[in-house]
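As recorded in TrEMBL:
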DOMAIN    1-296  domain 'SAM-dependent MTase RsmB/NOP-type'
BINDING   C109, A110, A111, P112, G113, G114, K115, E133, D177  S-adenosyl-L-methionine binding site
ACT_SITE  C230  active site, nucleophile
REGION    300-319  region 'Disordered'
Amino acid sequence: MNLPESFTSYTKALIGDGLFGKLLHGLTDEEPPASIRINGMKHHIHDEDTSRQAIPWCEYGMYLDKRPAFTFDPLFHAGHYYVQEASSMFLHHILKSYISSPVIMLDMCAAPGGKSTTAMGALPEGSTLIANEPVRQRSQILAENIQKWGNPGTIVTNNYPKDFAKSGMVFDVILCDVPCSGEGMFRKDEDAVREWSTQNVENCRNLQREIVAQAWKCLSEGGLLVYSTCTFNAKENEENVKWISEELGAEILPVAIEEQWGITGSLLKGFQKPVYRFLPGVTKGEGLFMAALRKNGQKETATSIGKKKNKKEKKERNNGIKSAQLATSWLTAPDNFNIAQSGNTLTAIPKPMAGIYATASEKLKVIHAGVTLGTIKGKDIIPAQGLALSTEFNTAAFPSVELSYSDALRYLRKEALSLPEDTPQGFVVMTYHGTPLGFSKNIGNRANNLYPQEWKIKSARIPDNDVSPL
Ligand SMILES: C[S@@+](CC[C@H](N)C(=O)[O-])C[C@H]1O[C@@H](n2cnc3c(N)ncnc32)[C@H](O)[C@@H]1O
């Protein structure tokens with residue numbers, strides 16, 4: 001790896017020769033450790049499994065001995081786990097340290113969804129998360145990953161931070177996992193090395209401050225801001241945290257850590273505040289920086305938004321009422337939801353998030369919310385992929401067909417499958433190891449594969465054996 005000279009000289013001066021030697025070894029001689037994070041709402045972790053190499057700062061995280069081709073694991077597509085490098089899971093530890101009752105959280109820079117799904121595993125039940133991504137194409141990937149995860153308490157938006165600042169919405173917790181110069185990605189992504197420059201570090205720093213300044217306007221008094229980058233330099237890290245503290249008045253919060261985790265503290269001279277840096281070669285994970293900050297002031301929660309009623313929401317609910325009666329039987333606890341109709345699409349919105357959903361629909365570009373139930377087509381409602389993957393899905397509402405490993409991959413490649421002869425006509429859930437993958441429509445002589453075109457596996461290869469790490 002050819003590290004840029006100005007990166008090397010700056011970083012050496014910042015972290016010292018000893019740490020730099022370890023970092024260099026980590027970047028050039030060590031394989032990036034493979035790790036996944038289990039979806040606790042879909043998959044049970046067996047405590048007695050002593051072979052599991054736990055990630056100490058996240059109860060759902062585990063290191064793997066090798067990196068399987070996750071694409072060929074149907075359970076990966078069904079949202080049983082997320083492939084995430086270990087350092088990023090530190091967000092779980094921060095949220096667990098400071099959040100103990102339901103909150104409304106905003107993930108401002110959320111695609112592809114690693115930290116949003118981490119947050120969902122850490123926040124108390126009854127919380128709502130808005131996962132936002134301003135880049136349109138990336139917001140679609142985010143919506144896909146959020147739906148695979150299957151937690152109904154999520155809204156996905158496609159907006160810029162200034163849109164949130166204008167919306168008047170407030171949040172108890174905001175994560176700014178800001179775009180950065182990506183030094184922490186050097187060993188995984190050669191483009192990160194090629195694209196690095198001191199000018200880009202400066203540009204990133206300015207953009208990061210802009211994002212945080214807008215986010216700050218949406219943070220409730222007493223609210224928690226988590227600032228995060230995947231880069232090493234102090235300009236985008238300590239200097240920004242110092243700026244947030246001095247210019248915006250944030251309190252920098254300590255998080256309990258253990259020495260053997262190998263997390264490095266502040267490297268900026270004269271700034272001895274609690275911040276957390278993960279260096280390859282020192283920590284078992286990729287490069288990352290995180291800090292927890294509090295907006296000082298009288299504690300008030302954003303949950304009051306959830307109590308606001310909105311005319312638009314009521315109208316949508318009334319329009320959808322007939323089809324809604326049918327679609328609610330598709331949920332395990334329909335009484336916990338309101339049904340919203342937008343165009344021909346029916347969506348189930350958890351009652352505690354009704355108010356925030358209404359406000360978000362009015363002020364922001366919402367591209368996914370709650371559980372997408374289906375699309376009305378004539379007398380039919382075509383069940384949605386999001387329903388099949390939701391943790392709220394009542395699987396008993398449809399007949400199901402259990403697929404073999406190779407058929408499951410064929411289904412995920414959107415190939416037509418022939419179903420057993422005794423399969424009833426109509427919509428059928430395709431399962432693998434009892435887990436829903438999606439729907440087909442059995443029309444007698446054949447079955448239409450309803451797996452979303454944009455989600456399908458593109459590779460034609462089918463491994464002989466199941467590659468699942470679970
Ligand atoms: C570090 S990545 C986020 C990774 C994500 N949090 C995860 O864990 O999967 C930063 C994201 O910020 C988005 N972004 C770019 N410009 C932005 C802006 N002006 N405001 C907010 N986000 C922006 C990028 O498109 C990118 O998806």
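Using N, Cα and C of the backbone, Cβ positions are placed for all residues, glycine too.
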(message) Within the domain 'SAM-dependent MTase RsmB/NOP-type' (1-296), what mean pLDDT does the predicted structure show?
(response) 95
(request) Measure from the Cβ of D177 (S-adenosyl-L-methionine binding site) and count the other Cβ atoms within 10 Å, all protein chains considered. (result) 23
(request) List nothing but the largest Cα to Cα distance in Å, as a whole number, among the residues C109, A110, A111, P112, G113, G114, K115, E133, D177 that the record says bind S-adenosyl-L-methionine. (result) 12
(request) Give the distance between the Cα atoms of G113 (S-adenosyl-L-methionine binding site) and C230 (active site, nucleophile), rounded to the nearest whole Å. (result) 15
(message) If you count CB neighbours within 10 Å, which one among the binding-site residues C109, A111 has the smallest count?
(response) C109
(message) For a quick check of packing: other C-beta atoms within 10 Å of the C-beta of G113 (S-adenosyl-L-methionine binding site), how many?
(response) 27
(message) With an 8 Å cut-off on Cβ distance to the C109, A110, A111, P112, G113, G114, K115, E133, D177 Cβ center, who else from the chain surrounds the S-adenosyl-L-methionine site?
(response) D107, S116, A131, L142
(request) Tell me the Cβ neighbour count for K115 (S-adenosyl-L-methionine binding site), meaning other Cβ atoms within 10 Å of its Cβ, over all protein chains shown. (result) 25
(message) Validating a neighbour-count step here. Other CB atoms within 10 A of the CB of C230 (active site, nucleophile): how many?
(response) 26
